[in-house]
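Notes to accompany the following structure.
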Amino acid sequence: MATYSFRQTTSSVAGGPCGRSLRLGGGSFRAPSIHGGSGGRGVSVSSARFVSSGLGSGLGGGYGGAFSSSFSAGFGGGYGGGLGSGDGLLSGNEKTTMQNLNDRLASYLDKVRALEEANSDLETKIREWYLKQGPGPARDYSPYYKAIEDLRDQILAATIDNSKVVLQIDNARLAADDFKTKFETEQALRMSVEADINGLRRVLDELTLARTDLELQIENLKEELAYLKKNHEEEMSALGGQVASQVSVEVDSAPGIDLSKILADMRDQYEHMAEKNRKDAEAWFHSKTEELNRELAVNTEQLQSSKSEVTDLRRTLQGLEIELQSQLSMKGALESTLADTEGRYGAQLAQIQDMIGSIEAQLAELRADMERQNSEYKMLMDIKTRLEQEIATYRQLLEGQESQLFGSLSGSPDKRDKPADGK
């Protein structure tokens, strides 16, 4: 006679597929179920072991695939211990055995239903666990994005302002270079004008010397003319005395040369020559004087215009120097403002980059946590699927063995009645 025992065992599963064995006849029949605590990481798997002992061949199988079976002289093992060749299918307390078998079958079906309920409970707990352990609600980074956009706009505006300042500095530098070029040109022109003025001064000095020389020559000519007049008068007086002393001689002698006429002619000739020389000297003197006066007037006008130009150039130079100093001071102020702005916005940009780095680190951590939870969820779903397959396999096996058992039980009385009829 076969004996049956049923005991409950519990094993803990952390993850991954695990093997289960099913044996009928001197073996064990294990139907697992899964349950998990709320919020926990581990999953407990409880299995019900159905142990039978008896004679006959065993039905062996493994979880996850095929299972082999062999029968010898009836169904022996899982549900019976005397179901072989011999004196019939059942002997002794047949009703007790069948009742025990039916009770065991009902208990197993209850266990199957309990496993299904545990499976549904497990699915509920998995969903709850996923909701608890899953990623929380997405954080609202829109204020940070708005602040970043505002800072970017400020940086862009500051960059544009800096570009404008740099452009103004470049324009001021170009204007200063232009003014410097103009100043150098005007300075060269001033030096040229001063050189011309110095040359005109030398010419004026030369003309003054020439005028002085001419005046000296005129004075010398006047003195020479006075000396000639004096000599002429002396000669005339001497000749007059000679003529008076020779009157008597001339009376007696033959008529000679008319000396008075000769002297008058000589006087006229000398006076004409002197007048001509005087007029020529006066004309030359007047022409030279007028020429010198004209040159002096022209040079004076040029000197006055050059002085006015030099004054204007000095005034322009002073204005340019003042403007250059103001531009240099403005450039220094703008450069200091640019440095302060770059430092301030650089610090703000560094803070924003640090904030972005921390947010990216948090996002990476959240992604890693989500991937880990997703892998755990997939593992649990795989365990659930395998358990469902195992339950379905057990159910099919139970239904097949039950049909074979009842077929054997229904066919055995016919076999036992035939020898009786033969007798």
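Positions of Cβ are set from backbone N, Cα and C atoms, glycine also.
Under the heading phosphoserine, Swiss-Prot lists SER33, citing similarity to another entry as support.
If you look up Swiss-Prot, you'll see 240-262 marked as region 'Linker 12', on the strength of sequence analysis.
Feature annotation from Swiss-Prot assigns region 'Rod-like helical tail' to 402-414; the stated evidence is sequence analysis.
Under the three-state DSSP scheme, ALA281 (site 'Stutter') falls in the helix class. Annotation comment: Swiss-Prot describes ALA281 (among others) as site 'Stutter', evidence class sequence analysis.
Cβ environment of THR341 (site 'Stutter'): ALA158, ASP161, ASN162 lie under 8 Å away, each six or more residues apart in the same chain. According to Swiss-Prot, the site 'Stutter' annotation covers THR341 (among others).
There are 16 other CB atoms within 10 A of the CB of ALA281 (site 'Stutter'), with all protein chains counted.
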